[in-house]
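Before any comments, here is the structure.
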Amino acid sequence: MTHQSHAYHMVKPSPWPLTGALSALLMTSGLAMWFHFYSTTLLTLGLLTNTLTMYQWWRDVMREGTYQGHHTPPVQKGLRYGMILFITSEVFFFAGFFWAFYHSSLAPTPQLGGHWPPTGITPLNPLEVPLLNTSVLLASGVSITWAHHSLMENNRNQMIQALLITILLGLYFTLLQASEYFESPFTISDGIYGSTFFVATGFHGLHVIIGSTFLTICLIRQLMFHFTSKHHFGFQAAAWYWHFVDVVWLFLYVSIYWWGS
């Protein structure tokens with residue numbers, strides 16, 4: 001902030017946007033190689049480059065915000081707007097999956113037997129594992145709110161406990177979802193039902209894994225005394241993201257598991 005007459009963070013030159021773009025090129029090329037030639041070398045290289053880029057870029061962001069004081073109130077306001085826009089883009093991303101599901105289920109074609117679920121498909125019972133998954137995610141929504149309130153009250157120990165509980169519930173949800181996939185009587189290849197089911201719930205599962213990782217980083221940062229009641233946007237963004245994941249699951253449960261079965 002030296003020799004600066006404004007509160008905005010003037011970011012110094014960084015290699016991470018370039019390495020991030022390179023990793024995106026390697027991953028997309030690697031996916032094509034994997035799909036067509038069954039070679040995972042390029043994809044592995046892309047994933048490794050992407051992981052290293054994310055780690056080092058966010059490490060720099062944490063240093064700038066926590067130790068160098070660059071995340072002033074106007075900068076934090078910009079970060080909040082950025083996170084809100086990101087979550088909005090995710091809402092539209094999932095809207096596409098719901099559109100595909102309702103387009104297929106509200107007016108089933110003769111090829112599907114004229115009804116939904118299509119002929120030959122045995123849907124999962126919504127009152128078994130899906131209902132347990134719903135309970136787990138709702139409980140995690142309560143625990144992340146508990147963590148937030150504990151942070152605002154400067155109760156460090158309760159914040160750590162609540163955050164750890166949230167992460168464990170996220171892990172439990174992921175394991176339940178994986179077991180459900182392995183035991184499912186249909187696959188992603190079973191027509192439009194299998195496609196919409198596995199793509200929608202699979203992308204949600206991916207978001208749960210991302211959110212759990214996000215919260216794990218927040219737990220590590222809390223253990224390192226990075227957060228205060230006045231300065232904790234990293235945790236706030238993770239909590240917003242987790243609540244978004246919760247709400248999307250409720251729509252998935254009601255639409256695909258309950259109504260769709």
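The backbone N, Cα and C atoms fix where each Cβ goes, glycine too.
Judged by Swiss-Prot topology annotation, Phe37 lies on the same membrane side as Thr109.
Proximity of distant same-chain residues to the transmembrane segment (156-183), defined by a Cβ-Cβ separation under 8 Å and at least 6 residues beyond the stretch ends, is recorded for 124, 129-130, 132-133, 136-137, 139-140, 143-144, 146-147, 150, 198, 201, 205, 208-209, 211-212, 215-216, 218-219, 222-223, 227, 242. Nonlocal intrachain contacts for the transmembrane segment (73-105), taken as residues 6+ away from its ends with a CB within less than 8 angstroms of a stretch CB, comprise 7-9, 112, 116, 192-193, 195-196, 199-200, 203-204, 207, 233, 236-237, 240-241, 244, 248, 251, 255-256, 260.
Across 41-66, 129-152, 233-256, stretch 233-256 shows the highest tally of CB pairs under 8 A with the transmembrane segment (191-223).
Summarising model confidence by region, the topological domain 'Mitochondrial matrix' (224-232) averages a pLDDT of 91. Remote same-chain partners of the topological domain 'Mitochondrial intermembrane' (184-190), defined as residues 6 or more beyond its termini with a Cβ less than 8 Å from a stretch Cβ, comprise 120-122, 124, 197-199.
The DSSP breakdown of the topological domain 'Mitochondrial intermembrane' (257-261), given as helix, strand and coil counts, is 3 helix, 0 strand, 2 coil.
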